[in-house]
């Protein structure tokens, strides 16, 4: 008894290879279009989650589908004379190189995560195996047909692109990445586009280079030194001359500079930037493009369409057109990138610029147009997660995940997602952070002397987690808790209580609230979001456990109906019934601060500085590998603050 009817078997035999080829092409289109978009979307937003799922599925499936397609082609050898015509055989020899092209991946994504870079040796082995299988298929169906000869340049291009992908993964692996940087005190690294003299000259070329391009050059130099931090090395302050640049900028320009720096870092870690934006890489792009276009044109002119099945002709045209479109899209990405603009700036400031000036000017106009349209959009998500304890306690639970919430492994995650919101990182918040860090840097530079170096003063100041702000504003008696996660919870509740009190006094009109009040609330909710959703970016602690206990106390204090107590009580979490529970201590601080005699402005100035101090402390102590991991998830404000602090020399790795 046959499970599948004969007609279904014939249909599968007809479409097995063809469907795999088209699926492989579709996956490559998804990767090149959406591969780099994940760096500008929140990974926790619904759009970001959907995008990440699509990209992850495409990334995981792409190699698998191409490998299976090659295997099926190779396994058809035994019955090729009975099932396949000679025409179809020659077309299969022509199809094999396209699978190698697909295995070579796309410029916008070579690694889904940093761990993928460590698998370069596995990809090297895959390169030898897949090329051997493709070569076997190619030789098996070799004939004197012109179509077979037409596939030779495509075969060579496919091998080169696959080898390029493996080569790109290798230098991005952690050990090789660190070794390739050499010494951070090297005044002229071999991978620099500009030497120091050209850099200084570029900054003076006001008439030839726009302000945006000056920012790009400055960001490039900052990025070159930033690489050492991402490799967990130390920067020599004498070779890091960004402080004089950052202090002259506005907050908006400073954050733009940081966004460009991190964009370049993302390209190096997750894309083919190391290869594509080089002379060899550009040459390979041109060869690949010419090969694809030539194959499409010659196939249309030379091949007798009536000699092949119409289905196979259609599949071949789709593969050829897809290859050409992928190359065109890759060129558009190439010309619109910051790297191409840097190359053009290099030629503009080079001593031999007169020789190449006409050619450079033409490319400059074209690339500038594409670059402007590209950079007018976001460079990162430009948003920060917001999670509020009061809202999570008081809001009614939504039952959109009914059924899934019964699973213990997903219930808490889904519950937290219900109360997660997002807030744009607006210019007001950027200005407050920038002024705070600039103020610290200026004070440390002024106070540095023969007894205390800048580094010693910096380490002492950045070790504070709210203490300095409290003592400075004469609220030292409100200092509670030594653990960082404990302070986050305490000041989150304090901030929320004070915010609700002020909102009540302005009759619910949030526009009338003090600017520092809004900033404090944003940072308060953001730090709690980091503690619950990004705990690896904060110093180690028991923040989640402490938060659950605090929520039980909060539920009872806010007079939540007993039915809602079960959310945490069912998990065995009990209220802290001790005399001075964390929540009771927090309410005591809130009552003191809500005293109108303290003055709203002074109060919010102090609270905002407490949060800025804790934000700086978290940024200072977050591992750079964590920052790198989250670049592919839309980026975090904490990462941008960390880089901004580095530019101000406010980092323990800038010696």
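Every residue gets a Cβ built from N, Cα and C, even glycine.
Predicted, not measured: the structure shown is a model, and the values here were computed from it.
Looking at 252-272, 315-335, 336-356, the stretch flagged in TrEMBL as transmembrane segment turns out to be 315-335.
TrEMBL assigns the feature transmembrane segment to one of the listed ranges (98-118, 119-139, 140-160), namely 119-139.
TrEMBL tags one of the stretches 12-34, 173-195 as transmembrane segment, and that stretch is 12-34. As stated in TrEMBL, the feature transmembrane segment covers range 282-303 out of the listed 282-303, 370-391. Per-residue confidence over the domain 'DUF4220' (56-389) averages out at a pLDDT of 81.
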